[in-house]
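Trainee: Per TrEMBL, the features are:
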COMPBIAS  1-25  compositional bias 'Polar residues'
REGION    1-257  region 'Disordered'
COMPBIAS  56-67  compositional bias 'Polar residues'
COMPBIAS  140-182  compositional bias 'Polar residues'
COMPBIAS  200-218  compositional bias 'Polar residues'
DOMAIN    372-410  domain 'Zinc finger Sec23/Sec24-type'
DOMAIN    447-683  domain 'Sec23/Sec24 trunk'
DOMAIN    689-773  domain 'Sec23/Sec24 beta-sandwich'
DOMAIN    784-887  domain 'Sec23/Sec24 helical'
DOMAIN    916-981  domain 'Gelsolin-like'
């Protein structure tokens, strides 16, 4: 029995979005005890009786937003000096300090002054990422790779302009193969990329030739003739890991492994059996230079998006799908000593209501009067990993091993293998994810109807921006699709310096507005008529929405009394709970909760006074969030302003109520109309789980220590979620309770108790198993990069709320370095690896994602790199993102589309080829789309054909003075129609948000730098490293 109880709630089907399945859809008839229960209606959430749960009072939290139980503290590097606030520094500026490190080793290896760049340099030899099989190393040599001419980016610099690189260890091998390539004439056309330092040289392996040199002068232009058609994506081989028995067991090495590799010796234990299963990147030097380097073409890149390992589903086929539950490593350590060598976060990412493809809906199980089958001691729900004994009369809990009696109505005989004869007819015994229909014992009150309450700022800034018209039209268009018909409730309050209550009683022909000017003593003028049933008062609601855009048209009121309006909304909604949508266009200035302008004092940046700017200024908002959560009210914030609105304070309302922050900086109706309309419409139409609580149980020896996301923590392990939907994910960290785990498998079970919009109480249950191992290599081999990045990002954002941004970045950098160093130590003795950066195949993309995290809006640079509101909004957003959307945000997709636009109508729809995020791929004659899942940035080269640009814009480009005000829309020409079809195809891949389009012309500053070039993660920006330099830095630190 769960420890806290929450009420219930209602819903109907989701008719407006047939393209994707609701997370609540049933895959067919509900499976009952005897299978005779009639088929359930095909609504997303079938209605049944009420249900109840775990009950306990809400305790106001004292932690700050994003605050975890133990924020990692970065180590200040020994060669680091804090830059002044105006200087940006995204990446750690020096190697972190280690306890017994001799700094003199770096001093002895400093590179001398660079040789003049005008001198033709030899090409850089390279070794591709090598996946060595078990057994003796292969003999023979590889054929040399084809050599591509070096791309010169501008006129050569003299040696006097070069800055010597320090702290670069001299790495060389006795033999290498290189071929000199003559220098090429300088290229013109690109002058807006920050000067790129000459890339370090690369030391070849004796068996490989360089594919192209890496050292390049600063980028000045990339004519199309010198741009490679495509960059080959990184292909890696999967390591061969013999699967353990389904019940668990250490992923050790058995005779089966030796049969697969008969030439290998018997396992001696530990790492020996997999000693050569690693990936490597050769680090070398060019003749006559001490500057190490790598071939950029061979660097791993996530050009195919999120990668989910297929090993675990094969080993544990009854686990829930990874879209619902992902561990940072699917091989848990068996001891504290092994755990201490892991260095990366150990935890999980949970996405309980993730959308499912058609045909893979979560089955609904109704046990009827018998009740849900659960363990008496640990309250685990029956799942595929329980075992039945005593001829089927008892079942053993897989989490706590307790023997439980099988109810007579649930009894079934066992076959010769000890399996129930009806196991294939019972989804709860053969599927990792199910929805249980809960009984009345899981309720403390009858399920409440879905309630949508709108709190709308009508000050002069909101009126002039055109915000009211879009909001009113969007709400009106969604009235037919609001979940819960015919029980749905709705209400409105508008505010400026006073509060405006709107009487929407069904007996009225027109809505009535009642104004309350006393902000210190809030009262409800008509308590019973401010919330109405939508189906009964539909005509009055529509009349109000029609009049809203013009109702305050003549207002000149610049004040905003958000705090008193919040208190009034709580008074209206407290009986039913529901969702509160706040539309705020200016800084709250009157009454309780008024805020002031912060962040304009540049002296605090880079000091200990910096992080409070990212915390709520007034405790009022945290206290209101606790009260709202207690009354089952979730808050979504829609913030529109060209000026500072203190997202740090307003966002805490969404943070602690399970809501979301939608930020539209520099809001313009023409540019943001479709984005706001789509995202508000999705928020209103999508199926929502109301009055929810979530708990994650795990087996003996492990426990969850901290949770990250948007929720209120009611007890040590119970997350209160007044509303949750398919767009929100949560992360948590694991710890070992015992010094040594004796079990071979650890089980996890996620239980989300919620009320559907149709008024049925349900429990969404996800169950998964993971093996316990004694081998550190196996932990790395089964690592999940996506889950690690999602958890690491949340930890870093929470750390930035209690320390400087530089310290938060340094903290995740240090974790990465320690993990690479630990992994390297597994192989350094057996192999000559002095010139290689080695890493597990499963984590080949982790260095790039950590670099992208350091360059993200939430964590990068300092004051000058991101407005304070933008930084806070990005932090709130990243705290709720599922894994795939987080990775897409960190490493956006870059496509070249001008060739697609010029092709025939039958050919242009060919799949777009994703390019690495570097300016080396930009052609001044090309058109590129950068897609991060939230925005499209369309980059127009300065040498682009004018007729192509004119067709896209629909007007003569020469007549446009400001591209920031241009709206990309469909025009009556084939080029424009093809572009819109490409954009719509990209939008179809991610329905959670609506990427709006922004046009940027090459050389248009500062827009090109702020919107486009800063998203080219692999290039250096002011104060941050390029991808190549980052890899070299990691290599040096992993060797130290």
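From the backbone N, Cα and C atoms, a Cβ is placed for every residue, glycine too.
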Trainee: Mind checking which residues of the chain, 6+ beyond the ends of the domain 'Zinc finger Sec23/Sec24-type' (372-410), have their Cβ under 8 Å from one of its Cβ atoms?
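Mentor: 1-2, 33, 318, 418-420, 428-432, 436, 438-439, 697-700, 747, 749, 751, 763, 765, 767, 769.
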Trainee: Under a criterion of three or more Cβ pairs within a distance under 8 Å and sequence separation of at least 6, are the domain 'Gelsolin-like' (916-981) and the domain 'Sec23/Sec24 trunk' (447-683) in contact?
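Mentor: Per Cβ check, the domain 'Gelsolin-like' (916-981) touches the domain 'Sec23/Sec24 trunk' (447-683).
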Trainee: Restricting attention to the domain 'Sec23/Sec24 beta-sandwich' (689-773), give the mean pLDDT.
Mentor: 94
Trainee: Is it possible to list how many residues within the domain 'Gelsolin-like' (916-981) are helical, extended or coil according to DSSP?
Mentor: 25 helix, 11 strand, 30 coil
